[in-house]
Each structure stands twice: as C-alpha cells, then as structure tokens.
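Trainee: Questions regarding the structure given below will be posed in turn.
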Amino acid sequence: MKLLASLLTAAIFAAPAFPAFSAGETPVKADAAKGQASYGAVCAACHAADGNSTIPLQPKLAGQHPEYLVKQLREFKDGKRNDPVMKGFASTLSDGDMQNIAVWLHTQAPKNGFSKDKDSIALGERIYRGGIQERQIAACAGCHSPNGSGIPAQYPRLSGQHADYTVKSLTDFRDGKRSNSIPMAQVAAKLNDREIKAVADYIAGLR
C-alpha cells in the first residue's frame, strides 16, 4: 500500500509536468523540416546528426516524446533546469524552433544501447521493475513503462539511454543540482550510488 501511494503521489505531481503548451496558448503546427535545419545548426555537434549521441554524457534524443523535449528546452532557456551550456544554446531558439526540433527528433529512430555490468544487472532490474518496497522507492517502470518507452506528454523515453548520462541525471536530482521534476527528486533522494549505477546500466539495455 505504501508503494502504491508513492506511485500515485508521483503521478499526481508529474501528470501536468510535460505539456508542450501553456494554458491559454494556441498550439502552432510544428514543421519537422525546419526542425531538422535548426537541430543541425544548434544541436547536432553534441547530440549527433540523427539524435543518437555517441558521447556518454550527452543524452540520446532520437525518438524522445516531443512534449518532454519542449519542456526541457524551455526550462534550460529560463534557468529552471540549471545547465549553463544548454542555456546558451536554448537561448538562441524561439518557442517555434523548439517545437520544430522536438517534432523532428521524435521521428528519428533511436539506436539500441547495451547493459555492461553483469554483476549489477539483477539489482538494476529489480529496482526498475519493482522498486524497493521497504524503503518506499517506486518502480521506474510505473511511469517510464516496463520497456522504457515512457508515456507521451507525461514521462520521457529512457530505453537505450547512455548509462553515464542517466547516472548524472539521477545524482543531480538526488543532490539538489537538478530540481525541475518533483517526483524524480523524491525517488532519487532515496537511492545510493550503487543503486543509481545499477538502474542506469539496466536502462541502457532496455529496448
């Protein structure tokens, strides 16, 4: 029951967290072709031409839900998500640019990743799929789906993501360096370094 309550709390806080448009805002039709051009000029150097970054600390973006991408870009730009480098890039983009880029990235085929640590994969799978009930840690799969595909407009796709990037994200949430998701901060606060690394490695192999 405690684990169920934890999952419900996370859902209540996070459900409205990823809208691409603010209340009262009229959505514009995104243009994927323009998004590809903007992406190539601003993003491709770090995230690769097709969004499948080969740099372990730079996230793969291909196939990601556009609502999530727009939210992150807006929050980099306004400083809600702290990253001086990304703020610099995001500040060059209009809201329309962000939507165009996000829609184009969503059309790109994500490349699979691989789990590397055989010794920790069982721990990572246990936490991802079932959480840690005795410590009231909710299962990652409850929001991000069993195969890591996420839920459009609510929770991001995780499958195949670089383990190094996931470790950094979870550690930043845990240590208060990243604060743009209340549910993630709550979950990460209960994880130790070994558990974070195990979950990150397991996520890298999801498909």
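Each residue, glycine too, has its Cβ placed from N, Cα and C.
Unlike curated records, TrEMBL annotations are generated automatically.
From TrEMBL, for reference:
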BINDING   Cys43, Cys46, His47, Met86  heme c 1 binding site
BINDING   Cys140, Cys143, His144, Met184  heme c 2 binding site
DOMAIN    30-109  domain 'Cytochrome c'
DOMAIN    119-207  domain 'Cytochrome c'
SIGNAL    1-22  signal peptide
Trainee: Report the nearest neighbour of His144 (heme c 2 binding site) in space among the binding-site residues Cys43, Cys46, His47, Met86, comparing Cα positions.
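Mentor: Closest by Cα: His47.
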Trainee: Work out how many Å separate Cys43 (heme c 1 binding site) and Cys143 (heme c 2 binding site) at their Cα atoms, rounded off.
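Mentor: A Cα-Cα distance of 27 Å.
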Trainee: Take the domain 'Cytochrome c' (30-109) and average the pLDDT across it for me.
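Mentor: Mean pLDDT across the domain 'Cytochrome c' (30-109) comes out at 98.
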Trainee: Measure from the Cβ of Met184 (heme c 2 binding site) and count the other Cβ atoms within 10 Å, all protein chains considered.
Mentor: 23
Trainee: Widest Cα span across the heme c 1 binders Cys43, Cys46, His47, Met86, in Å?
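Mentor: The heme c 1-binding residues span at most 12 Å between Cα atoms.
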Trainee: Is it possible to list how many residues within the domain 'Cytochrome c' (30-109) are helical, extended or coil according to DSSP?
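Mentor: Once the DSSP states are binned, the domain 'Cytochrome c' (30-109) shows 48 helix, 0 strand, 32 coil.
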Trainee: When neighbour density is defined as the number of other C-beta atoms within 10 angstroms of a residue's C-beta, which of the binding-site residues Cys43, Met86, Cys143 has the lowest density?
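Mentor: Comparing Cβ neighbours within 10 Å for the binding-site residues Cys43, Met86, Cys143, Met86 has the fewest.
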Trainee: If the heme c 2 binders are Cys140, Cys143, His144, Met184 per the record, what's the largest distance between their Cα atoms, in Å?
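Mentor: 11 Å is the greatest Cα spacing among the residues binding heme c 2.
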Trainee: At a 10 A cut-off on CB-CB distances, which of the binding-site residues Cys46, Cys140 has the highest count?
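Mentor: Result of the Cβ crowding comparison: Cys140.
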Trainee: Helix, strand or coil for Met184 (heme c 2 binding site)? Use DSSP.
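Mentor: The three-state answer is helix.
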Trainee: Relative to the Cβ of His47 (heme c 1 binding site), which residues of the same chain, six or more apart in sequence, are found under 8 Å away?
Mentor: Ser53, Gln58, Pro59, Lys60, Leu61
